[in-house]
Amino acid sequence: MILSALLTSVGINLGLCFLFFTLYSILRKQPGNVTVYGPRLIQDGRSQEETNAFNLERLLPTAGWVRRALEPTNEDILSNLGLDALVFIRVLVFSIRVFSFASVVGIFILLPVNYMGTEFEEFFDLPKKSLDSFSISNVNDGSNKLWIHFSAIYIFTAVVCYLLYCEHKYLSSKRIDHFYSSKPQPHEFTVLVSGVPVVPENSISETVESFFREYHSSTYLSHVVVHRTDKLKALMNDAEKLCKKLTRVKSGSISRQKSMRDGFLGMFGKKVDVVDHYEKKLEKLEDDMRLKQSLLAGEEVPAAFVSFRTRHGAAIATNIQQGIDPTQWLTEPAPEPQDVHWPFFTASFVRRWISNVVVFVAFVALIILYVIPVVLVQGLANLHQLETWFPFLKSILNIKVVSQVITGYLPSLIYQLFLMIVPPIMLLLSSMQGYISHSQIEKSACIKLLVFTIWNSFFANVLSGSALYRVNVFLEPKNIPRVLAAAVPAQASFFISYVVTSGWTGLSSEIFRLVPLIWNFVMKLFGKEDDKEFEVPPTPFCQEITSILFFGLLGTTYFFLSPLILPFLLVYFCLGYVIYRNQLLNVYAAKYETGGKFWPIVHNSTIFSLVLMHVIAIGIFGLKELPLASSLTIPLPILTVLFSIYCQRRFLANFKSYPTECLVNKDKADAREQNKSEFYAKLVVAYRDPAVSASRYARGISLEDPPLLRSNQG
């Protein structure tokens, strides 16, 4: 790709970014009846008052939202949004620091060295230059200038490791500070016990209580046994849908029919009043739910949430084997009550094992199937291959503007459209693996999505040939550095365009929230805005952390190969820092708190990116006939892995559980509180399955209260 095609892609995306930012700046100043831009503001009652009066000022864009997004300190974010939000922001801060240094070194040192590797006379004819002129490919084989790249790799690795160490230290201290400053939470005192042995003539509940009163008598508080509630939840869903329909009929939000037939499809049977018909169906469903709830005692699952009086007591139960048989009385930390994923509690061991096998096969199949869009994208990026596939388009492809748009913008745009459906698929696959919490599902989906993205978006693009050839490359480890060194620099132009298209435009569309906006207007157009209660969207950590880490991998691997990509990445991370602070403050709300457990994924991805850069460097110096530099680079990945092991032992253990020192100190502080008995009363019922709680839908329906709220209060 020549530089002019890249400039065309950058110009298109800059125009889209400017359009999105302008529209968002205008719409944020509109009355609060459009709920897709600031759901948190609207829910908290801080939105602007609705008014129909015309105000010209609202039509003028402003950057005031940027200032407001940057105002809160890290302490404000930690206290108001939680540790997960702070970790997400610190990932962006870490990336900005890394690529600020990388951009300075790459643009002012490496890029001139690359450009002047073989040519001097055409310095000012930049638009007609190939991007290879700015990459390490332009440096002569055996040139002493390659030692500059060698030194830059060592210095860059040292800087990244130092910054990573600083972030580890900072986030570890903030995690402890957040623990000390937070109020008592049910999951801190609760343990999930599975594999409860079946004792003749005893229920699961009696067995659990007998065991923990015997062996944890000083700290045991209560327990809640898990029940099979699949059928009950189906009845609850039917009742909720029917209640919503009845509410809309009574409120007049949908056209009300005075009568209907109670038979098949409303076409047969006798005529009945619509409202009376729905109310009677609700009463019948409520009676069925009560009957099902009364029978739940005989449908116990050999698992229970066991609560303790102290955090230290819960930690002891979690980390010590409870029974002689290691397959019984298995314990693990309980998730937050709102984080519990109930469906798989009733799954047998065989079902969970089969589900894991099916998920693994589906994940591998998905990776293989996505080779097809990669081949399509690479064909668009190569005009000669495109002319071979579609010879009738040859005359159109010879037009300069068309060829620049196709090779510079269209490939990354099409590939990004293919990738849009991947995150929901990964969440679906992870939900089938038997995890007991939504946070575990999201963390697993994040890892799957990262692996998928690195393989299909990086390796599948840089390695030519069939999918079988790509696999064979990694089956011969000694050839990996040489193959990657030859393939990776050739795809620099595609990845620069990908950063601009997927990164810049993706961030701009994120702040504009185009899809929710269109959906909001469609629902209002058809009068169905009351079909669903207003809900603040959850923070999409899974998708966004994956994108940030993948762009970090691109910047790390191309740091010395093609440093022209670095300024584009730096702009992406700076935009992301501003936009995601705004989204976290005004749009998203976390449904649960993991305690910063996404950070280990960031650590592992950063180490992998560094090692991948070292492997490519070993190969590139070998291809460039500088064997001494290639040999001296070999210790670098070893030192990086040793640094990773040190960080894991020094810091990452704090992200799995809290130390005894913190638990005991926090328990002592809580003992001085006056409302401890009130907290214990809430703790006893915190992990009760929502389906077990009494529900009333048919009687006393209030149009102001949503059905689920009434159910939870019942």
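From the backbone N, Cα and C atoms, a Cβ is placed for every residue, glycine too.
Just so you know, TrEMBL annotations are computer predictions that nobody has curated.
Annotation comment: TrEMBL describes 5-166 as domain 'CSC1/OSCA1-like N-terminal transmembrane'.
TrEMBL lists 189-343 with the feature domain 'CSC1/OSCA1-like cytosolic'.
Under the heading domain 'CSC1/OSCA1-like 7TM region', TrEMBL lists 357-621.
Residues or ranges marked as transmembrane segment in TrEMBL: 6-27 (among others).
What TrEMBL lists as transmembrane segment is 87-111 (among others). Residues 74, 77, 134, 148-149, 152, 155-156, 159-160, 163-164, 167, 170-171, 539, 541, 544-545, 548-549, 551-552, 555, 559-560, 563-564, 566-567, 569-570, 573-574, 576-577, 580-581, 584, 596, 598-599, 602 of the same chain lie 6+ residues outside the transmembrane segment (87-111) yet bring a C-beta within less than 8 angstroms of a C-beta in it.
Residues or ranges marked as transmembrane segment by TrEMBL: 146-165 (among others).
What TrEMBL lists as transmembrane segment is 357-381 (among others).
Here TrEMBL flags 401-429 (among others) as transmembrane segment.
Residues or ranges marked as transmembrane segment in TrEMBL: 449-471 (among others).
Annotated transmembrane segment per TrEMBL: 547-580 (among others), in sequence order. Long-range contacts of the transmembrane segment (547-580) within the same chain: residues 10, 17, 66, 69-70, 88-89, 91-93, 95-96, 98-100, 102-103, 105-107, 110-111, 114, 131, 134-136, 149, 152-153, 156, 160, 450, 453-454, 457-458, 488-489, 492, 495-496, 498-500, 502-504, 506-508, 510-511, 601-602, 605-606, 608-610, 612-613, 616-617, 620, each at least 6 residues beyond the stretch ends and with a Cβ under 8 Å from a Cβ of the stretch.
A Cβ distance under 8 Å defines the sequence-distant neighbours of the transmembrane segment (601-622), meaning residues of its chain 6+ beyond its ends; these are 87, 91, 94, 136, 146, 149-150, 153, 157, 160-161, 164, 168, 443, 446-447, 450, 480-486, 488-489, 545, 549, 552-553, 556-557, 559-561, 629-630, 633-634, 636-637, 640-641, 643-644, 647-648, 652. Sequence annotations record features per position, and here TrEMBL assigns transmembrane segment to 601-622 (among others).
Long-range Cβ contacts of the transmembrane segment (628-647) within its own chain (Cβ-Cβ under 8 Å, at least 6 residues beyond either end) map to 146-147, 150, 153-154, 157, 161, 164-165, 168, 603-604, 607, 610-611, 614-615, 617-619, 621-622. Annotation comment: TrEMBL describes 628-647 (among others) as transmembrane segment.
Confidence across the domain 'CSC1/OSCA1-like cytosolic' (189-343), taken as the mean pLDDT and rounded to a whole number, stands at 77.
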